[in-house]
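Single-structure report; data block below.
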Amino acid sequence: MLASKVSVLRNFSAIGARFNSTLVIAEHDDAKLSGITLNAITAAQKLNQDISVLVAGASSAKVAEEVSKIANVKRVLVAQDDKLKAQLPERVSETVVAAQKQFNFTHILAGASSFGRGLIPRVAAQLDVSPISEITTVHSTDTFSRPTYAGNAIAKVKSSAAIKVFTVRGTAFEQAASSGGSAATEQSPIGDVKTDLSEFLGQELVKSDRPDLGSAKIIISGGRGLKSGDNFKLLYELADKLGAAVGASRAAVDAGFVANDLQIGQTGKIVAPELYIAVGISGAIQHIAGMKDSKIIVAINKDKEAPIFQIADYGLVADLFKAVPEITAALK
Amino acid sequence: MKVLVGVKRVVDYAVKVRVRPDKKGVITDNVQHSMNPFDEIALEEAVKLKEAKKAKEIVAVSFGPAKAQETLRTALAKGADKAIHIEVDAKTAEKLEPFHVAKALAKIAKDDNYDAVFVGKQAIDDDANQTGQLIAGFLNWPQATFASKVEVDGKALKVTREIDGGLDTVKVNLPAVLSADLRLNEPRYATLPNIMKAKKKPLEKKTPKDLGIDLTSQTEVLEVSEPPARTGGEFVEDVNALLAKLREKGAIP
């Protein structure tokens, strides 16, 4: 009797599992999958549901093949059309909505990158549900945590939206293994894509041989204390020695020392490397929001009272123009 | 071009917020508030377009409690022609989601034939970064998010956007929604004469009901907590001591 009850319950949960399913929107450049999609897939796994990944683009076949090998991905949906070139949100959102109509997902998510942040709320509006931004914890299928007030308050929220549509903070989840999976590939409808709303004119990406800020194990960041763009070469030399990425505070970006895309903070990139070395950075709330989850934080600053020292594991009160070359030399 | 600019009253960016003892939110009573910095930038861009004779009318809108009017007066002092206050009581305001705000702004933009809606890319309180995209989605207008440069190109905007690896440029046909990034411009200060003049500018009041907006919550905040605190660190004597510590931890070779 008891056994039969258990089996009935099992059947129910099996049916439930079939009806609940998750769609992850892949971010890519038609050649390679972006790393944050792997973090998003790990977040999706925490929902314990079948995972489908949508690859929408002008030539998405190659990326779709890459995605089909990711562990725990059940199905790859491929939407390939010239109209989806550069993946403008006005167009990709139509594809997502069309896929949703066909497959009825309970959860739709993407990494909280500029691509995901641009796309996901638009999709939510089209599905008439309230989205959730940049979750850092999955508690259950409807309950998540996310940082607010520049990371100074963590809100645990419960969504009653008919479809949970959200972005995932990449640094809060490990990357899913990029091999070991064998997902089935299916065509996805591209939807009612209109081309008269917007047009992609071009892009100017900053080229660098150093690792990407999002995936670097070590990051060396410079602030106002560097005094000029030229002086950043001190950080580049040290970074090259350590295989590190170089970041910056808003002050350094605003002063024109480095490009905007290096900015770390509430309104720039959120990073969580093994080692973060803050050089000539005072440690404003907005900067700390972007790096306080780093494993080890080192601060080098000549002002002993700088707030950065309150969160640094190791603080060195010194003139950076002397200390940084010394470190570089010591690593030779 | 007629531009609607969304402005939000938030806890000032320089304030270190504290979580309420009952864990229902953060302490906002007797705390300095001001206009969300990204909204100041969105407004500045609209006012600059007006000064360049590319925009005809700038209307600032805020959805919130009575105090949101202070933010709207600031917007008027900085160059908005008119303000709209969608008023709710403080308790309701606490539960507002970008979803509701976007619905209201989309409704106004559509009913009153605006050519563009400008908002900040995110509010520094909820850090959601949703409202602009939601408005665009509700209206099926194109969106130019994280804008760092805007040019009017006939019936379109040519917008340079800040993206992860650098910049990209899109052309969005009007009507469109734009969200402002930090680098778009340097907002002006409101001068005393302009603050005085702003008091005479029109401020229209609306209610969510006037706009037919359903304020049912879809996202319930169960608990707000402090982030885990970092354990106190130590000062090191010199570069060698620092490197020794990092080697000991295996952080560097």
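Cβ from N, Cα, C; glycine included.
Database features (TrEMBL):
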type    : residues                                            : note
DOMAIN  : A:22-204                                            : domain 'Electron transfer flavoprotein alpha/beta-subunit N-terminal'
BINDING : A:ARG224, A:249-250, A:263-267, A:280-287, A:ASN301 : FAD binding site
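Each of the binding-site residues A:ARG224, A:GLN266, A:ILE281 was checked for a CB under 8 angstroms from a CB of chain B; the ones meeting this are A:GLN266.
Of all the binding-site residues listed here (A:GLN263, A:GLN266), the one with the fewest other CB atoms within 10 A of its own CB is A:GLN266. Model confidence over the domain 'Electron transfer flavoprotein alpha/beta-subunit N-terminal' (A:22-204) stands at 97, taken as the mean pLDDT rounded to a whole number. Cβ contacts within 10 Å of A:HIS287 (FAD binding site), excluding its own Cβ and spanning all protein chains shown: 27. Under the three-state DSSP scheme, A:ILE281 (FAD binding site) falls in the coil class. Ranking the binding-site residues A:ARG224, A:ILE281 by the number of CB atoms within 10 A of their own CB puts A:ILE281 at the top. Cβ environment of A:ALA284 (FAD binding site): A:SER249, A:ARG250, A:GLY265, A:PRO307 lie under 8 Å away, each six or more residues apart in the same chain. A strand conformation is recorded for A:GLN263 (FAD binding site) in the three-state DSSP classification.
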